[in-house]
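Summarising the annotation, TrEMBL assigns transmembrane segment to 6-26, 47-68, 80-103, 110-129, 141-161, 182-203, 215-236, 257-278, 290-307.
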Amino acid sequence: MTTQHILGWLLIAGVLSGFVFQRSRLCFVSALRDLFLFRALRMTRAMLLLFLLTVTGGATLQAVRGVLVEGFPGPTPAGALAGGAIFAVGMVLAGSCIAGAFWRLGEGQLSQLAVLAGVLAGTWLYVNLPFLTTVTVQETFNAWIAVGLLLLGLMAVAAWERRQPRVGEELPGARRLSWVRAPWAPELGAVVMAVLLVTFMALTGTGWGVSRAFLLTDLSAAAYAGGLLIGGFLGARLGREFRVRGPGGRAPTVIRLLGGVLMGYGARVGWGCTIGAVMTGMVNLSLHPWYWMLGAMLGAWVGAELLRRFMYQYL
C-alpha cells in the first residue's frame, strides 16, 4: 500500500473516529477525572471495555498474522510513567485530550483552539529543551492475562454501580430519535472504536496517532487529526448539535492553554497520547500503554485535586 493510500485511509479513519467520539462522548478525560472528582464510573466502564476489545482483537490478529507493526517501540517504563502523568494533568486541566480537542473544535467549541495552541507550545518545548532523554525499549505482555484483569475490572465497576442510586431520567421522545440524532451510549462508542482500530491495523499494518502532528513533520498524524475535526463536525451537524461557542473568559483560556502545554510535552516524553500510546499500543500488545496508563491515573488525580482546590472558581 502506497503512502498516499495510507494517508487517505488515515483521513477516513479520523473522520469515522471523530464521528463516533462526538456521538458517544467517549472520553479518556471523563474516565479518569470523573472517577476522582465525582466517583462516577460510567465512562471508566466504557474505557475498560475499549481496552478489553482492543487487546482481544490484537491478540487474535497476532495469533493469525504475527506482530502487527514491526518494532513497535516505546519509552522506558520511567518515561512512559512520567509522560502519562504529565499528559493526564494537562488533559484534566484542559478538559479534553488532544484527539478530543480536535473533534470538539469540529462541533464548534472555539475554546479548544487554546488547548491546541498549548499542545503546539508543549511540543516545541520538548524538541528545543529536551529535559528528558527518551530511551526506547520493546516489551510485550501476555494478552490473555490482560483480558482476565480487564474483565475483573469491568465486574468491579458493575458491582460498584449497582450499589449507587440511579440518577437522571430519559429525555422525552429520546426513543423516537434516529440512530444518528440520538446520543450513543459510551459503551457503544467503545465497541465501534475497537472494531475500527483493529480492522484498520489488520488491513494496513499501521496504527493511529495524533500528537505527532504537532511536530509538523508527520503527515500520517496530520491526516488522522484532520479527519477527527471533520468527523466531529459531521457528528454534530447530523445530531443537530453544531453550535459555534466562544473561547470563554481569560482565566479558563489560560487554564486550557496550560493544560495543552502539559499534554504536548507529556505526549513527547511518553511517546504518544491516548490514541497512539494507549489504543494503538494495546492492539500491538505492548507494555508501553500499561505503564502510560498507570502514570495517567496518578496525573489525573493530581489534576483533579488542582481543579477542586484552586481552579473551579475560574472555570
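Glycine residues also receive a Cβ, built from the backbone N, Cα and C atoms like all the rest.
No curator has checked TrEMBL annotations; they are predicted automatically.
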Query raised in the report: Which of 6-26, 80-103, 110-129, 215-236, 257-278 shares the most C-beta pairs under 8 angstroms with the transmembrane segment (182-203)?
Result: 6-26
**Report entry** Closest-packing stretch to the transmembrane segment (257-278), where packing means Cβ pairs under 8 Å, from 6-26, 80-103, 110-129, 215-236, 290-307
**Finding:** 80-103
Query raised in the report: Looking only at residues six or more beyond either end of the transmembrane segment (47-68), which have a C-beta under 8 A from one in the stretch?
Result: 26, 28, 31, 143-144, 146-147, 150-151, 153-154, 157, 187, 190-191, 193-195, 197-198, 201-202, 205, 207, 279, 282-285
Report summary line: Contact count check, CB pairs under 8 angstroms to the transmembrane segment (80-103), set 6-26, 110-129, 215-236, 290-307; argmax is 290-307
Requested in this report: Please give the sequence-distant neighbours of the transmembrane segment (215-236): residues at least 6 beyond its ends with Cβ less than 8 Å from one of its Cβ atoms.
Outcome: 3, 6-8, 10-23, 99, 102-108, 123, 127, 206, 208-209, 242-243, 275-276
